[in-house]
Structure formats: structure tokens, C-alpha cells
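Taken from TrEMBL as is:
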{"type": "COMPBIAS", "residues": "490-500", "note": "compositional bias 'Acidic residues'"}
{"type": "COMPBIAS", "residues": "595-605", "note": "compositional bias 'Polar residues'"}
{"type": "COMPBIAS", "residues": "610-625", "note": "compositional bias 'Basic and acidic residues'"}
{"type": "COMPBIAS", "residues": "626-650", "note": "compositional bias 'Basic residues'"}
{"type": "DOMAIN", "residues": "3-326", "note": "domain 'Nucleolar protein 10-like N-terminal'"}
{"type": "DOMAIN", "residues": "331-379", "note": "domain 'Nucleolar protein 10-like second'"}
{"type": "DOMAIN", "residues": "444-470", "note": "domain 'NUC153'"}
{"type": "REGION", "residues": "490-519", "note": "region 'Disordered'"}
{"type": "REGION", "residues": "595-650", "note": "region 'Disordered'"}
């Protein structure tokens with residue numbers, strides 16, 4: 001919110017906005033939307049809303065005839081054409097068929113309406129009456145436009161053709177089959193492409209948008225398109241705008257706005273708003289874009305490369321300059337992030353430090369094309385494996401739709417069998433009590449990987465599993481016993497609220513103490529087995545070490561150093577040659593001897609005897625035994641306290 005800039009106050013609609021346009025003088029921005037159907041006019045000089053007018057029906061499209069907001073024409077979805085002047089509603093008339101688009105011919109003051117008909121209706125605003133309509137070969141027409149230089153009238157049909165008419169003679173002068181031209185080797189289309197957008201640029205250029213997501217750029221002197229640009233989304237093109245300063249075409253469907261060079265077709269940039277797009281308006285002679293969306297808020301984008309900011313918001317230029325002075329780290333869309341290990345696997349570790357890799361965090365950015373080429377060379381059959389895996393997944397998905405028998409999963413079969421048995425017992429018990437079924441663990445998507453991925457396989461030979469298994473088995477046995485007792489009590493009709501188990505509390509406590517004893521014995525048994533296994537493993541390792549033949553190794557001794565044998569015999573001989581005073585000083589340094597003065601003046605020496613290997617092993621065994629007893633005592637007391645709390649809460 002702190003970084004957001006609100007250029008125009010309350011620049012929004014109640015629900016959605018469908019069309020947005022700018023007046024020729026650049027002072028007013030007009031938008032239509034719902035609900036209720038309305039038009040809002042925003043004054044850029046005041047940076048706020050000027051007026052709002054509600055309408056009888058939704059607006060299909062509208063046109064500003066004057067330089068300001070004083071003359072507006074609305075084509076509504078109920079076949080109505082409504083005229084507004086500066087003070088408000090002026091006149092309302094109706095056309096014979098439902099309209100989809102219209103254009104205004106300035107030299108003759110004619111409005112040309114196209115829609116769900118083969119005719120193009122003409123309404124003369126000077127005479128105030130309908131003129132003879134133009135009869136076309138199309139069954140329906142979607143869009144139309146008039147060239148601003150020589151006033152050629154063009155209309156896009158549902159059959160994927162563009163018909164060009166001369167308003168002076170009311171004759172058709174050209175026909176373009178855009179549906180056929182839009183199909184290239186790289187495009188995949190479903191159905192016949194119809195024309196969904198049409199826009200003239202200058203005297204000779206015309207851009208056509210199809211319902212399958214292609215934009216075709218034509219020179220009026222040729223029937224073949226100069227360039228075909230595919231949006232690759234398969235969505236109808238909603239709007240086409242020309243940006244003449246950089247020779248760009250701005251085309252938009254409901255998902256994305258793409259800017260590309262009209263000579264080469266190379267992408268300049270693209271924008272994907274959060275909500276679906278209904279219309280795009282380019283503010284004249286600037287780098288500002290406005291969009292009407294399937295959301296209340298109408299978006300405003302400012303791209304400094306396209307042009308300067310409009311004069312009513314010139315402060316945007318200084319803001320962008322400040323942002324350029326403090327550049328942020330960029331995230332590349334066409335780059336792949338790889339770690340050092342990935343580079344070694346691909347055989348590209350020698351590129352570290354070159355311009356092909358850019359260091360970032362714990363890895364590098366590299367061009368996605370280079371990554372794909374290296375991956376193909378490192379593993380040429382990766383695509384085939386991926387394809388086989390996808391085919392296998394598709395087959396399994398189709399099999400899942402059939403009537404299935406209860407099959408155990410490939411991973412953790414024993415755990416799945418145990419869960420199925422427990423669910424069956426609990427389900428029968430709930431049916432008798434008429435309780436709701438709880439969600440199954442096997443059918444839950446959150447735990448689905450546990451029965452599919454081999455990495456989640458339970459290792460029954462591990463130390464943790466073997467120590468916990470006695471406790472888990474005891475709990476499951478007790479749960480089964482409790483379910484049986486409850487079923488018997490329900491059958492007899494003698495269930496009590498205080499003790500639902502059907503036993504006295506003394507009997508229950510004695511049973512729990514017996515369970516604890518059995519569990520402790522099981523844990524001790526497992527610990528003994530684990531120690532025996534460790535001992536056997538150590539003996540095997542010792543045998544292997546004894547069997548292995550060590551090769552002699554030769555070491556060079558540096559000058560001035562004394563060779564010491566492995567048994568340290570030389571050290572002992574040297575120590576024996578020393579006097580008693582020197583030996584005492586040495587032992588005092590090592591900490592095995594402590595010499596101190598007494599009050600009388602004599603010396604007192606305390607020393608530590610070295611323990612034998614047998615004594616040391618005996619002490620370690622006693623210490624380990626005490627530790628085991630402590631852990632067993634703690635676990636037993638913990639279980640007692642938990643069961644006591646369980647009875648109280650029950």
C-alpha cells in the first residue's frame with residue numbers, strides 16, 4: 001500500500017468495467033461498466049470523478065464524437081442506441097438487429113452499425129434518419145473500423161473474413177480471408193477463426209485479431225499478411241493498439257497484454273494482470289496504459305520506455321528516475337537457476353566464472369536454451385522417459401474412473417492393510433450408533449504420497465520401529481478390545497455412562513498395570529536383541545579388518561625430528577633415563593600428579609592410578625544399566641499418568 005500510487009481518486013466501477021476511452025483533448029477518461037449499468041467520467045485536471053450516469057441496459061460499446069464529453073453515443077445490448085449531450089440523456093432510438101460494434105464516419109456524419117445480421121445499418125446524424133443499409137455476404141459481423149486517412153470502412157465477419165467498403169460509392173472494394181491466413185505451421189486451432197478485433201494504422205496498415213488468439217498485420221495493397229503473431233492462449237483478441245514512437249503493436253486477450261515490434265514480430269514486453277481483461281486504452285502520446293477488467297478496480301500502467309508521462313501526472317517521470325537510481329535485483333524469466341551440483345551433472349562446471357553464468361545466492365542463472373541443449377546432450381532419452389511416465393499416469397487416471405477392487409498400494413502395504421481393517425471396524429461401529437463417517441487416511445490427498453513414494457517406506461528393521469512397535473501393538477489390541485466390549489453392551493442394552501467399558505475401576509487399573517508390565521518386558525527384549533546384533537556386527541567388522549592385508553607404507557622423516565615407534569617404547573626409555581625430579585615435573589604438567597607445600601614445610605604429593613581396561617569396561621556397563629533403568633521408569637510413570645488423565649476426562 002505504501003508503494004501504490006493512486007493517480008485518479010476512485011478510479012473504479014461497482015462490479016466490473018467493460019470499455020474505457022479517452023477524449024480527443026486528453027482531459028476526460030470515460031468508462032462503462034456494471035452493476036447497475038452506468039458510465040463514469042473522470043477529469044484528469046482534477047484527478048477525480050466528474051459525473052456518473054446510470055443507464056437502462058448494459059453497454060456493448062460507446063464512442064466519444066466530440067473533443068470533450070459533450071457528445072457520446074452508446075450501443076446497448078437491447079438493440080438501443082442512446083445519445084448523450086453535456087447535460088445528460090438526449091435521444092434514444094433502436095436498430096433492427098442486435099448490434100456488436102459501430103463506427104462514426106466524420107465526412108458524412110454517418111454511424112455504421114454491425115451485428116447479428118448480414119446488413120450494415122447506417123444512421124445519418126445530420127438528417128436524423130436511417131439510410132439504405134449495406135448488404136454483405138457475411139451471416140454476422142463482429143467488429144468494424146474506419147480508416148482515419150481515406151475513410152475506408154472495414155468490417156470483420158464471423159466467417160473469418162474482412163470486407164472493405166467505400167462509403168462514397170457504397171460498394172465493396174476488397175475481401176481478405178484472414179481465417180485461412182492465420183493458420184500457419186506453428187499454430188494449432190480448433191474450429192473456424194472469426195474476427196474479434198480490427199484496427200487501422202495510417203493509410204496502409206491494418207491489424208486484425210481472431211477468436212483463436214492470432215494477430216495478423218496487413219498492408220492494404222496485399223492480400224497476404226506481413227506478419228502473424230500468436231498469443232498461444234487460444235483466447236479471442238479483445239483489443240489492438242498501435243504505438244508509433246517505437247513501432248509497436250499492443251494486442252490483448254482476456255489474460256495477457258503483449259507488446260511486439262510490427263516489423264519483426266519480436267516481443268518487447270508483456271503484462272499479465274490479476275483479473276481478466278475486457279478492454280485496453282493507450283493514452284495518446286504517452287507511455288500510459290489503462291485497462292478495463294473483470295474487477296471493480298481499473299488498472300493504470302506507466303511504461304517510461306513507451307513515452308513520457310501525461311502532463312496531468314508529470315510527477316511520474318521524477319518518480320521513475322528515483323526508482324532507477326536505486327535498482328533492485330532482477331529475476332530473469334528466460335533464465336534457469338542451477339546449483340553447482342547441477343552444473344557438474346550437466347558437464348558445464350567449466351563455465352563457472354564466464355559470462356554465460358551469473359552468480360546468484362547458492363547457485364547460478366543460465367540461459368534456458370543453453371540449459372535445454374546441455375540436458376539433451378547429457379541425457380538424450382529424458383524426453384522418452386518423461387513421455388512414457390506421462391502415458392502411464394494417463395492410463396492410471398482412466399483406470400481410476402472404472403469400478404475398482406480394493407487393491408493394496410505398492411508402498412507401505414502392511415500399514416495400508418492395518419488402516420483398512422481399523423476403518424472397517426470403526427465404520428461398523430458408527431453405523432450401529434448412526435454417527436457420521438470420518439475422512440479416510442488412505443483417500444486423503446495430504447497423505448497420498450506416503451503410499452506412492454518409496455522414500456516413505458516404513459523400515460521395520462530400524463531401531464526406532466522395533467522399540468515403538470510393542471507400544472503400538474498394545475494400544476491397537478486395547479482399542480479392539482474396547483470396541484468389542486462396547487458392542488456387547490449395546491446389544492444387551494446395559495451401557496453405563498460412568499464406566500462405558502463395562503468393568504469396575506479396580507479391574508481396569510489391574511488390567512492397565514498388566515499391560516505396562518508386558519510392554520516393559522517387550523521393550524527389554526527388543527533392547528537385548530539390538531545389543532546382540534550390534535555385538536555381532538562389531539565382531540564381523542573385526543574379522544574383516546583382520547582378513548584385510550595392509551600394504552607397507554613408507555614415510556619420510558623431516559630433519560631434526562625424532563622417530564617414535566607405534567608402541568611408544570622409545571618414549572618410555574627416554575623417560576626412564578630422566579631423574580625423579582624431571583619425571584615429577586612432567587607428571588605435574590600432565591595433571592596426573594599434584595605437589596603442594598604443607599604447613600610444616602615438607603612436601604605432599606597426590607597422584608592418580610591408571611585404571612585397568614577391565615575396570616573401565618565394568619564401570620561403563622554399570623553406567624549404561626543405570627541409564628536404561630531410569631528411562632524405563634520414566635516411560636512407565638508417563639503411561640500411568642496419561643491413563644489416569646484419560647479416565648478422568650472420560
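Cβ coordinates come from backbone N, Cα and C, glycine included.
No curator has checked TrEMBL annotations; they are predicted automatically.
Since the structure is predicted, the reported quantities are computational estimates derived from the model, not experimental observations.
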Query: What does DSSP give as the helix, strand and coil breakdown of the domain 'Nucleolar protein 10-like second' (331-379)?
result: 21 helix, 14 strand, 14 coil
Task: Summarise the model confidence on the domain 'Nucleolar protein 10-like second' (331-379) as a single mean pLDDT, whole number.
output: 84
For the domain 'NUC153' (444-470), residues assigned helix / strand / coil by DSSP: 18 helix, 0 strand, 9 coil
